Amino acid sequence: MDLQNETTPLLANPHQHYIEDESTESQAGVSEPSSQWRLLPDWSPTQWRVMIAGALLLLSVNFGNFIAQPPQLQIIEDIICRNYVQSINATSSTLSGGMVAEVDNICKSPAVQKELALVTGWKNTFDILPSVALALPFGILADKIGRRPVAIMALVSLMCSEIWCRVVCWFNLPVRLLWLGGVFQLPGGGNLVAVTMLMTIVADVFSAEERGTAIFRLTAMSFVAEIVGIPLGATMLKSNPWTPFMLGMLIMIIGSIFVLFMPETLNQVNATDGIQENSEDSDDISQLSPAKSGTVAQIVAAKAQEFISSSRFLWTSPRVLISIIAVFAGSLDESSVYLLIQYVSAKFHWTIGEASYLLSVRGCMTLVTLLIVLPIGSSFLTRFLHYDSITKDLSIARFAAISGVLGYLLISIASTTFSLLAGILFISFAVPFAWSVVSVATSFVPSQNQVATLYSAMTVSKSVGGVIAGPVFASLYGVGMQLGLEWSGLPFAVGSLIFFLALIPVVCIRAHARVPEGS
């Protein structure tokens, strides 16, 4: 499963509310001078253990996932195409020959491509649902039995889901049975819970000042895996799609073993190891940590009641509400990216292997945006234009939204490779949108003790957007294919419109931070 786009913590962990905000600050403000430059970080042995094991875990699991993405799409398309050919009384041997232009045209026909988009779109949605629904219970469980056991259960459930996908394809079962893959994630929560536990472990052993940088370094492993894994999978696809498809699962299973090298950090919060939490952290822990006594059901009920009473500011503060809506709108376009390979393959008559290279190009552009463009832009806004942090983040969010509008519009109307690459470039510039909006919204929270509530709302908003977007964009692609190949970019046009709608509330936000309590 794709971990790179799901690194946002879902749980109301005592420390977790710092993660996304400080990740934004560390990325947007990485150019700010530090007191002392070091070749290697001055980490404790436990911190090094967490970072090395976490990096290897993310790198291997993501690499296995990305190397399997192109062949998975190819295999599903072949199955749908074979069934479609048989339904119109063609011989199955015609498809197995597979190289004649007539059969290739059938596989790229609106009927086949509509079903392919529908299957993959709903599959992504059903894969996300268990993590969204079970995030809070597994978060509470992690506070009772430990982070590592929950992470192990999540990874085991994720591997079971991947195995089910291979079973359906290998035995040529109805492809819509792929939607049941999410059922296998129920015992452990799946992808997002696994990532959340990893980020929680990082939050446990790093101070508030170091967490953002540590998490950003781990997140970079996902981009490295994407840049290397997708072109490798696309290259291996040319000989036999089943080789990279099975190899990807094997790499994911072996890579999951690295979770066993992660330390259990439940009892290390505010302990030694060179980590000194400030008094504000201690206040948050006392207010946000679930009680160690009582059943899980009682704790969930208490948490729900506490959330209702403490979340009133989400709806009464216009700027906070606008920020939540902006994150929701900005998350909808992400699902259109999953259609990029299928869209390019059909419109430009590329093979799925050739179209898959575009995701690697997108990963490279995104990495350049995060490591070079964003720090330089942030430094320019703060040092030369003398923007404060809120105005700077607002400016970055607005620029990112405009880039999203242009990027998805260019992709939707692309008729040449150049215009397609230009659209992908602008999409990479849109990556910081959600992070910047979250950082801005944090400044409008009435009390620091309510930051965790805000982040929970942001996470729910983004997750709901992702759940909705999968089938919606799949349906839009099917409608576009039925209208004609020139309309196949319809989901990307809608993605452009969504970014435009997200830009409107961000433009309306004014940079005035909260007044601290007691002032």
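Placed from the backbone N, Cα and C atoms, the Cβ positions cover glycine too.
Looking up the ranges 48-68, 489-509 in TrEMBL, the one annotated as transmembrane segment turns out to be 489-509. Within the listed segments 131-154, 155-178, 179-202, TrEMBL records transmembrane segment for the stretch 179-202.
Scored by C-beta pairs under 8 angstroms, the transmembrane segment (396-414) has its highest count with 420-442, from the stretches 242-261, 420-442, 489-509. Looking just at the domain 'Major facilitator superfamily (MFS) profile' (57-514), the mean pLDDT is 80.
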